[in-house]
């Protein structure tokens, strides 16, 4: 009688053990399937040896099966929770599996795991988590996921049992965080930021005269222009409410302090006061380790904007009508003509004349030849040498040549008075040494260019610098300073510099009042910043990338240009025409300038015809001279035989 009872008891034990082993095996396989599906570069399995319930056969069996399945499929690293007080920072995407003892035995370990999670783990969307917690209740899962969301963990799944035992969480559910049971057994991580259901996003934002123009009340309605529209549209897509927070210290972009802290927007973001900084900006070198940035789709240049060159002095207009090379050519031609004429005159003495040369005709001295040729340029008649045919042809061609050159000179001189000529613009930093200006910029701009400029160039800037408080970036201080100080120069971003030139356009002179030096000071990535470890990074990254790729930013900029109230009444009228004048590529600017150059009838090209005419006169005079001398020589040969006979 006892033997059948013992056999029955053993059978029940074996069946229970087999059933339990089957459940543990299936739990491990569920975790393994999710790991393989995510296919991250590395998988971490965290185990706790000293935790309550970690030494039970069930826990050990599940752990062995988990290592066997996961370790054979993907790259795996096993870590002991006891060795880590804080989750290490990771450079690649990862999967972390936490094996928690079953039931209430795992509560202490869960609290330890939550304390260990790193809220400043960068790129949160690249890191996935699995909490393998057999037998956990809904209350326990809610406490687990609440702690995870407090540490800004975004993607986490809990596995508690074989049948319908995969749980996710929704942090934006009505009434607060809610545990969600996955019915499809897919084990996929849901997009929690698809619908934020009115969650309050706090934007750290400030006024920018070109990119973010405030709409009162600012805290509620935000800003106009490109940055303001992009921030508002992103919140509408996420179905989130927005509160716009101004920096309390009015430091706008923010700067780095010697003690390692920050001011402005960066201070609010790093302290957790706000979620996102929608102002397009440079990220200073000292800020990179403390913030996360969206993908920088644009690169902005820092340029030096200096007063436009002055008009040339009036006395120089008479000299600069022709280029220096043309003046040299005319002078050399004049000297050669005088020399050639003097030689012809010397040779003419050998030709006998019918009249007495001493009484009726005298040859000119060299200075008289210079005087004669000089007078032809002002229209005086030539009195000498008119009786000699070869010399007369020479002089006639010279008079025609002088007439053409003089006509071109006075025509270009009149054009220079009507359309004045300006000095050359400053287009490299080496020329800054001869420029008497005061360079205005906020402190962070000087810090940004100091690390990239050669020492001699930075010394030129620093010796003329007027560093201003960072709070002035929220206003168009350049306009105010330029009206008070005519010798003011500025360091500005490229698109701000173009707009500044449009607003200060000199309509009377039909040219900009300022000039952008084409040698830029620094090229920097332009992006948007968030706190380190922000769970919203990937969603804002996706939205703003879409804005760029689909041309929304360009559309918003064009709309700003159309609807903007310019400071100068001529700003919008001339803005499109400023493209050539503000093009920072020298090759493109020169080509565009040649395309836009007006056609002038009297150009130096006409001088080619004058030189051809003058050359023809010289040739004709030389031929006449040779014929005359040849005839004289032939007559002498005829006279000699007659004398002999």
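In case you wondered, yes, glycine gets a Cβ from its N, Cα and C as well.
Range annotated as transmembrane segment by TrEMBL, chosen from 374-392, 393-411, 412-430, 431-449: 393-411. TrEMBL lists transmembrane segment at one of the ranges 307-325, 326-344, 345-363, 459-477, namely 326-344. Transmembrane segment is the annotation TrEMBL gives to one range among 587-610, 611-634, and that range is 611-634.
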